[in-house]
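**Q** Feature table excerpt (Swiss-Prot):
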| type | residues | note |
| --- | --- | --- |
| REGION | 1-251 | region 'Unknown' |
| REGION | 252-530 | region 'Protoheme IX prenyltransferase' |
| TRANSMEM | 17-37 | transmembrane segment |
| TRANSMEM | 39-59 | transmembrane segment |
| TRANSMEM | 128-148 | transmembrane segment |
| TRANSMEM | 163-183 | transmembrane segment |
| TRANSMEM | 197-217 | transmembrane segment |
| TRANSMEM | 261-281 | transmembrane segment |
| TRANSMEM | 339-359 | transmembrane segment |
| TRANSMEM | 360-380 | transmembrane segment |
| TRANSMEM | 411-431 | transmembrane segment |
| TRANSMEM | 457-477 | transmembrane segment |
| TRANSMEM | 479-499 | transmembrane segment |
| TRANSMEM | 508-528 | transmembrane segment |
Amino acid sequence: MRREHARAILFPLVRLPWLLIVLALIAYGAVLAGGIVPALTGAAVSGIAMFTLGAALAIYTGMRVGAAPVRLGGRAASARRAYLTLAFAATGVLYLAVIFGAINTSAGTLWTCQTWPGCAMTGDSAWLALAHRGLAGGATLLIAALAVQTWRIRHERSLRIAVAWALGLMLIQNLVGLAQVLLAQGGESQPVAVARLMHLGLSATAWGALVVLTTLALRRPFPAVALLRPAHVARPGMTDTVLLEGKPSLLKDYISLTKPGVISLLILTTITSMYITPAGIPELSLVLWTTLGGWLMASGSHSINCYLDKDIDVNMGRTGRRPIPSGRIPAWHALALGIALGVVAFVILALFVNLLAAILALAGFLYYVFIYTIWLKRTSKHNIVIGGGAGAFPPLVGWAAVTGSLAPEALLLWLIVFFWTPPHFWALALIRQKDYARAGVPMLPVVEGDQETRRQIVIYTLSMLALTALPPVLGMLGWAYLMSAAVSGGLFLHYALKLRRDGTTTTAWALYKYSLLYLAILFVAMAVDRVVFA
C-alpha cells in the first residue's frame, strides 16, 4: 500500500521535468522563428523558456543523482569552490549569449550586420550583434577552461561527457553562426533560415549540457585528494574511474590518435594538387581552409581506426603502446573524437571551400573506416591493394577545391597514389609479419609469404612508375617534373629490386622510408613544374 502511495506521488514528479522541457522548447522555438514576436517580448519569452528548461534539467538530473556530500580539507574545498565558480560563470555567460541571440533574431540584426567579427554598421543593431558575439566568445573560452579543469581534477565519466558535449556543441554552433553571417550576404533564403535555427538551437542545447554538468558537480562528491596525489600510472584494464586522472601527457595521447605523422604526407598531396590544376595558383585562404578541413577529416578517420582496431593493436608490438591498448584513454573517446572531427571537417570544407571537396573528403573518410578498417583489413589478403584507395583521395580533394570539378588528370593523381600504397605498406608488413600473424590480420606476407610479397612489390612499383610518366605525355606537366620523376622513380625501383633479391629487414626498412620521401618529392615536383616552369 505504501509503495503504491509513493508511486502515485513520485510518478507525476518524474513527468513534470519533461513537461517543462517540452513547454520551454515550444516557447523558445517561437522566438527562433524570427519576426513572430517583438524584440523585447522575444527576449522575455526566450529568457523564461531557457530558465524553465534549465530548471527542469536540474530537477531531473538531481532526481537521478543522489547527493553525496564529502567533508573536505582547506585545499580541496578551495578547489571545489573554484571549479563551481567556473561552472556557474560559464552557464551564466552562455545564458546571456542565448538571450541576446534571441533578441538579435527578433530584431533582424542579421541583415544589418553582415560582416564578421565586427560590424560595418553602427547603432543599436550593431551593438546588439556585437554583444551577442562577445558573450558567445566569452562563453566558449569559459567552457574550454571548464573542460580543462574537468579533465584535470574530476574523474567522473558523467561530468566529462557533459562538458565534452557542451564544448563540442559550442564550437559547432560558433561555426554555424559564422556560416549564417556569410549566407545572409546573399539575402533571405532557406539555408539562412536553417542556419539560424541550428545556431540558436545548438547554443541552447550546449547551455542545457552546462546545467546538467553544474548540477552533477554540486551533487557528486569532490575528489578530496585529486590535487595532492601524483598521477596514476596507466595500466591495461584501468576503469574510467581512475583513467586519465592528472595524466600530464593526455593531450599528446589524444593527438596521437589522429596519427599526425601520416596526415602530413596526405595533406602535402592535397596542397600540391591545388597548384597543378588549369585554374592556376589558388588563393592562400582557399589553401588554408582546404588544409584545415582535410587535416581534420583525416584525423577523424584515423581516430575511429584506433577505436576499431583496439583488439588488433593490443597484440602488436608496434601498436601495443598506443593510448587505447595501453589503457591510457577509454576506447569510446577515440570514436567520439573521430565523429566530431569528421563533422567539423565536412562543415568547414562545405562552407569555405565547396561541396564537392567536402563530399570527396567524406568519401575518403568512409572508405577508410568501412571498406578498409572494418571489412578488408580483417578478411582479405588484398586489403592494402583495395583499401589503399582511401589514401588516394587527398589529391582529388585538392583538385576539386580549386576547380569545383574533377578531370581525368585528377583521376591520374588518384591512380599514382593508389599504386604507390602497396609497395610502401608491404615493405612495412614484411618487417611486422609476426605481429600481423599474431593479431590475425591477413596481410599478404602472412598469407602468401615473403617471396610472393617481394614479387608483388616489384610489379606494383613498375605499374606506379608507368603512371608517373603519363603527365608529360598528356600535356599536364613538363620536363622539370619528368626529370624528377625519372630520378626518384629509378631509386624507388632500385630499392624494390634489391628487396626482391636479398629480402633483408634492412632493405625493407630502406624501401619503406624512401617510399615516404618519394611521394613527397613526386608531388612537390608536380607543383614546382606547374608554377615555375609552365
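Even glycines carry a Cβ here, placed using N, Cα and C.
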**Q** At a threshold of under 8 Å on Cβ distances, which of 128-148, 360-380, 411-431 pairs most often with the transmembrane segment (261-281)?
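**A** Out of the listed stretches, 411-431 contacts the transmembrane segment (261-281) most.
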**Q** Calculate the per-residue pLDDT averaged over the region 'Protoheme IX prenyltransferase' (252-530) and state the result as an integer.
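**A** Summing pLDDT over the region 'Protoheme IX prenyltransferase' (252-530) and dividing by its length gives 92.
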**Q** Counting only residues 6 or more past its boundaries, what in the same chain has a CB within less than 8 Å of a CB in the transmembrane segment (163-183)?
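**A** Residues 90, 94, 110, 113-116, 133, 136, 139-140, 143-144, 146-147, 150-151, 189, 191-192, 195-196, 198-199, 202-203, 205-206, 209-210, 213, 336, 340, 343-344, 347-348, 351 contact the transmembrane segment (163-183) from elsewhere in the chain.
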**Q** Please report, as numbers and ranges, the same-chain residues at least 6 past the borders of the transmembrane segment (479-499) whose CB is under 8 Å from any CB of it.
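**A** Those are 423, 427, 430, 454, 457-458, 461-462, 464-465, 468-469, 471-472, 507-508, 510-511, 514-515, 518, 521-522, 525-526, 528-529, 532-533, in sequence order.
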**Q** Output the single range from 128-148, 339-359, 360-380, 411-431 maximising the number of Cβ pairs under 8 Å to the transmembrane segment (508-528).
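**A** Per the Cβ count, the answer is 411-431.
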**Q** For the transmembrane segment (360-380), what are the same-chain contacts with Cβ under 8 Å, counting residues 6+ beyond its ends?
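**A** Same-chain contacts beyond the ends: 293-294, 297-298, 300-301, 304-305, 308-309, 342, 345-346, 349, 386-387, 389-391, 393-394, 396-397, 400, 440-442.
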**Q** Short question: which residues 6 or more past the ends of the transmembrane segment (339-359) have a Cβ under 8 Å from it?
**A** 168, 171-172, 175-176, 178-179, 182, 258, 286, 289-290, 292-297, 299-301, 303-304, 365, 397, 400-401, 404-406
**Q** Please indicate, using numbers and ranges, the residues of the same chain that are 6 or more beyond the transmembrane segment (411-431) and have a C-beta under 8 Å from a C-beta there.
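**A** Residues 269, 273, 384-385, 388-389, 391-396, 399, 443-446, 450, 453-454, 456-457, 460-461, 463-464, 467-468, 470-471, 474, 476, 492, 496, 499, 503, 505, 508-509, 511-512, 515-516, 518-519, 522 contact the transmembrane segment (411-431) from elsewhere in the chain.
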